[in-house]
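One structure is given here, and the rest of the page talks about it.
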Amino acid sequence: MSRRPRVRLRPQGVLLLLCGAALLRIALFGELYLRYVKEGLRPYLVASGAALVALALLNLLTRTAPHDEHDHDEHDQDEHGHDHTRTPRIAWLLTAPALALLLFPPPALGSYSAEREEARVAAQGAGTFPELPAGDPVDLTLGAFASRAQWDTGASLAGRTVRLTGFVTHSDDGTWSVARLLVTCCAADAQALKVEVRGETPPPADTWVTVTGTWHPTGTPGTPAARPVLDATSVKRTTTPTDPYEKR
Amino acid sequence: MDGLRRGVGDGVRVAVRALVYAVVGGVSLLAVVTVGSVLGPMVVLDLATPAMAAWWTVFTAVAVQGIPFLLLGTVVSAAIGAFVPERVFKRVLPRNPVLAVPVAGAAGVVLPGCECASVPVADSLMRRGVAPAAALAFLLSAPAVNPVVLVATSIAFPGDPAMVGARLVASLAAAVVMGWLWVRFGKEEWLPSVRRGGGGPAAAGGWRGFRDGLQHDFLHAGGFLVLGAAAAATFNILVPRSLLDVFTGSPWLSVLLLAVLAVVLCVCSEADAFVAASLTGFSPTARLAFMVVGPMVDLKLVALQAGTFGRAFAVRFSSATWVVAVLSSVLVGGWLL
């Protein structure tokens, strides 16, 4: 009795297709991947997505040779590993992130994470900084503003009007800050950058704003008393940038 | 003619099958949506809390970040399994495992990826007859000492080349010591995949074997990656990093604390230097411990190892590695930093 080769919808193929489609959706057909990882990973995500889809199509469209038709089913004697045609049960977990990305991509981290984290600025030690670029107001990243406010003994921020962009966070003590998260590799390592804003009424948390104002010195640079604070002259709402995190 | 008819028959069968799947799937989706819209508001309020949203984001981020590296690792391991004959490794590596361990540890320099890639590669090395001790030394050293990671470390600690050197030395030392410990104390029965020897029914060579191996290993390891990502996200949400500043007082406690933190946070080895650099309240040795332990032991890796080598192995091996890595970073940190 010879069984005919046939084309089947195999679970491996479906799983691979889901994973590949999810990667392609966030990295190739949009900018959603920036919510989770760095820009530099994009080519790898696209390549992996394409490879997974190709593998899935090969799996779904090729005919199975008749002799290995019998060993596809979930239960067999082999505990693990060598029967490569079987779908490992743990693999079904992959559907969770894949479907999440396809159906309801989780949002970028925002004020919830920023509020829980102490604002940090990379340890640099006090010293002088190069002149700020020309421009009035001058656009600065939160990291640049914060490190100059905390470490610059040359007070390069003094007398300059700066413009910062980030989302709104509120603190328990009633102050509010414009914040952004610094992501090195993926969202799991996000660190908060915050600049306290004074002199304007706070918008609701997680609103993206552009704040214009001047530096408010709080203490000698290099000591813990020096915190990044801005005396705001205007707060404008803005749209969420494509890359919600600050570049390092 | 017959073949053509058969082909058409197959096509129809697939179409019917797809239709059935679509109908069943659609009906159940509708049912879920109906129930959801009735019970929804309560549940959704719960799911949409910022903490839950942050959990999902971190969870997917770890999975998305890990998948390209995992795929790279499984491609390399499937290629080793399908195309590289056993005798190649026999010729390259010294026959004596005691000598093979440092060679394999140093060879970790060539795999430019993070820890997700090294587990499947080490597994396929073992199946190709490489001494488990040597493969394990490679498993531990590859994510810690490759050029990408070392460059990232030097960027994270500008003007502090001693930190890069200390990381290289401490990681290599820990990997080699673990390999030797395995030579002395390791038991084959903790490694079911090796005991059975290479080559099962589907471990065919050539393209077919490559494709089957790749598919299987990726899905298998991917499932465990997702498990690890869930654990990492949970700890990420439960443990605010600012809490750590409380523990910066004692130098010994801070080393242990950062070594534990490295395990639960599961920061990718290419990023952990930046996180370590931001932990400003801690001694250089404690930060070194964070960077040495992280690529060798973390929840995601334990999950991957448990899936690949078995739970008995993963628990023993990871706890021993943790101790060795902490000791190694304390010694090297005292010497170089």
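Using the three backbone atoms N, Cα and C, a Cβ is placed for every residue, glycine included.
Copied over from TrEMBL:
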- B:20-43: transmembrane segment (TRANSMEM)
- B:55-84: transmembrane segment (TRANSMEM)
- B:133-157: transmembrane segment (TRANSMEM)
- B:163-183: transmembrane segment (TRANSMEM)
- B:218-239: transmembrane segment (TRANSMEM)
- B:251-276: transmembrane segment (TRANSMEM)
- B:288-307: transmembrane segment (TRANSMEM)
- B:313-336: transmembrane segment (TRANSMEM)
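Between the transmembrane segment (B:218-239) and the stretches B:55-84, B:133-157, B:163-183, B:251-276, B:288-307, Cβ pairs under 8 Å are most numerous for B:55-84. Residues 136, 140, 162, 165-166, 169-171, 173-174, 177-178, 181, 190-191, 255-256, 259, 263, 284-285, 288-289, 291-293, 296-297, 301-302, 305-306 of the same chain lie 6 or more positions beyond the ends of the transmembrane segment (B:313-336) yet place their CB under 8 Å from a CB of it. Sequence-distant residue pairs (6 or more apart) of the transmembrane segment (B:133-157) and the transmembrane segment (B:55-84) include fewer than 3 whose Cβ atoms are under 8 Å, leaving the two stretches without contact.
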